[in-house]
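Residues or ranges marked as domain 'MATH' in TrEMBL: 10-133, 155-186.
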Amino acid sequence: MVRVFKSRHRTSHLFKIDNFSLFKKYQLEKVNSSVFDLGGHKWTLCVFPNGRKNASGHYVSIFLMSQASVNVKIEYELFVVSQLEQKWESSGHREFGIYPKPTGKGNPKLISLVDLERNGYLIGDSCMCGVKLHGIEPAESGTAECFSLIENPLNHKVTWMITRFSSFEPEKAHHSHEFVVGNRKW
């Protein structure tokens, strides 16, 4: 399914979140994707599985975050993908304007948690969401990644898989996603 999606939506980034229910159980606020490149700009997705601000507890909130200044107007669309059929729940086309510094735009009420479960967007405690940019040169295929929250790491160890390590800027700090071991968040 992911391969088909990426080949059909070559200006998109797909972000799969496994063990979705653990975010609520451990009161984890958000998860950020890795940095990805679309349309010549670097981005991340910021997902609030239990909502952000006034949507808290009732909706999934998703935001597209620029990693540097954006000097062109770009149309984007945030979405959650159904795992039962070829459809998605979308924010509709929105504009990411010109910004002199990194910023974020998004939808605090993309889909209700009730609809997420009821309509096939949350299957096996996994959810797939993403962003599609419009009006940009398509890549060979879209990009995708998976984030897995592990409730009880084996031997109380957590492995941080670093992708594209050689492209990291040495002067910048790099942080893992928040994780839980025992009763503590790290």
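Any Cβ shown, glycine's included, is placed from N, Cα and C.
Those TrEMBL annotations? Automatic predictions, nothing curated.
What you see is a predicted model, and the numbers here were worked out from it, not measured in a lab.
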Counted with DSSP (H/G/I as helix, E/B as strand, rest coil), the domain 'MATH' (10-133) has 14 helix, 63 strand, 47 coil
Rounded mean pLDDT within the domain 'MATH' (10-133) lands at 89
